[in-house]
Amino acid sequence: MTSIPTVSFQAVEDLAARFPTGFFWGAATSSYQVEGAVAEDGRGPSIWDDFSATPGRVVDGQSGAQAADHYHRYREDVALMARLGLNAYRFSIAWPRVLPEGRGLVNQAGLDFYDRLVDALLEAGIQPFVTLYHWDLPSALEHEGGWRARSTAYAFADYAEVVARRLGDRVLHWMTLNEPWCSAYLGYGIGVHAPGLRDRQAAVDAAHHLLLAHGLALPRMRAILPAQAQIGTAQVLVKVYGADERPETQRDVALAHAFSNRWFLDPLYRGCYPEGLFAALGLNPPPIEEGDLELIAAPLDFLGVNNYSRMLVRGSPEPPLADQCRTVSPVPNACYTDMAWEIFPQGLRDLLLDVSREYPVQRLYVTENGAAFPDEWDGGETVHDPRRVAYLASYINACAEALEQGAPLCGYFVWSLLDNFEWAEGYRKRFGIVYVDYASQRRVMKESAHWYAALLQSFHARSRCC
Ligand code: FCB
């Protein structure tokens with residue numbers, strides 16, 4: 001299932017030449033997945049510490065307690081980024097490092113870590129792209145209902161203000177939330193992510209409170225940040241295709257699209273939820289209060305797109321629930337990654353074009369894209385990962401096509417810089433372009449890292465000469 005896809009390899013020079021000067025080339029990580037040091041310098045517990053400690057939730061009972069030890073090794077990791085030629089790095093702030101109880105007392109030692117990280121990045125000429133929430137909710141807030149509770153949205157806005165005050169003089173690119181679809185649906189709806197609830201109505205309510213958190217935080221951040229700062233969110237989005245031309249397939253494509261993409265994009269950009277979505281889920285609308293949707297739809301400077309695969313839907317005879325549309329899997333003759341995600345680069349191109357045509361997005365960044373493969377290190381200087389090279393080349397080519405066809409794409413971030421804690425999959429899925437030997441914490445460049453470095457070197461050489 002994981003044979004090498006046939007991509008027409010242009011020389012990296014040709015590929016690099018298709019991106020404009022000023023384009024951001026980065027890599028992304030998130031706090032719980034790489035930092036480790038979960039009990040250090042006053043960090044409080046998060047829902048992912050609790051979830052990982054619950055037997056049966058994460059493969060082999062693993063957790064992010066050590067992860068890639070980035071908390072201690074961030075200088076080495078920034079040096080690695082500089083070697084790769086990155087001009088941007090997307091990372092997230094651990095809310096429980098900053099506010100161990102979720103609200104109230106600010107832990108300066110936690111903020112100091114991000115302060116040092118930001119300074120190290122800037123010294124290396126790398127722009128920090130900060131995500132405020134990448135799933136590690138302080139446990140204390142979950143005890144009050146987590147994202148099911150409206151109060152968590154207000155706590156988030158206070159937290160956002162604390163971080164913006166501390167880092168806002170140096171950080172110009174901000175994302176409020178990472179993939180709230182996953183926080184809500186995977187976390188509260190089907191329970192495969194923290195906090196592990198299986199209550200679909202709770203997912204709908206949580207989604208609204210996540211969006212509200214974003215909407216409440218925006219004006220608080222804008223009041224502090226300089227005018228040139230850009231604020232957006234990172235959404236997990238997927239292009240949905242029909243497997244045939246039947247009317248029921250078209251109907252189910254629309255349903256799957258509403259559930260997978262429009263659930264969050266419509267409120268953010270149109271100030272309303274997709275018509276009929278909650279009924280199509282067989283659920284009630286969330287508790288929307290007056291003014292919520294206006295806050296949620298406040299203008300954004302960019303949209304972050306996280307994309308890995310596509311969805312191929314085959315219509316069911318009877319209309320399915322919106323989260324239970326029939327998908328074709330496996331797709332005959334398709335290639336898959338180690339996550340069993342289909343490799344379909346055109347999906348990213350089509351998605352970027354659709355989003356930029358259907359919503360008033362000012363700028364787009366691909367804030368996550370990459371692939372897991374079962375890499376093996378033989379103790380040498382490089383890890384051989386030709387399938388990841390092929391994957392990245394084909395998806396970056398798709399980005400170039402989207403740009404050429406008019407998508408306002410301003411940056412691309414590979415997921416991920418380092419192998420890391422892949423949530424419920426633990427450490428067995430490796431997404432890094434840099435291999436991490438967890439026993440020694442040694443970093444080893446994979447061939448994909450060398451390939452990405454060559455692409456960026458060629459890009460920078462061109463930018464310098466033009
Ligand atoms: C995304 C998450 C990220 C990582 C990748 C593989 O959904 O945002 O943390 O796990 O998937």
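Positions of Cβ are set from backbone N, Cα and C atoms, glycine also.
Since this is a predicted model, take the numbers as computed values, not measurements.
Substrate binding, as stated in TrEMBL, involves GLN33, HIS134, TYR308, TRP415, GLU422, TRP423; the candidate among ASN87, ASN178, ASN261 given for that site is ASN178. Screening the recorded positions GLU179, TYR308, TRP415 for a C-beta under 6 A from any atom of ligand 1 leaves GLU179, TRP415. DSSP classifies TRP423 (substrate binding site) as helix under the three-state reduction. Taking a C-beta cut-off of under 8 Å and a sequence gap of six or more, GLN33 (substrate binding site) has these contacts in its own chain: GLY64, ALA67, ALA68, HIS134, SER416, ASN420, PHE421, GLU422, TRP423. In the three-state DSSP scheme, GLU368 (active site, nucleophile) falls into the strand class.
Taking the Cα atom of each, TYR308 (substrate binding site) and GLU179 (active site, proton donor) are about 13 angstrom apart. Taking the mean position of the Cβ atoms of GLN33, HIS134, ASN178, TYR308, TRP415, GLU422, TRP423 as the substrate site, the remaining same-chain residues with a Cβ inside 8 Å of that point are SER30, GLU179, GLU368, SER416, ASN420, PHE431. The number of other CB atoms found within 10 A of the CB of GLU368 (active site, nucleophile), across every protein chain shown, is 25.
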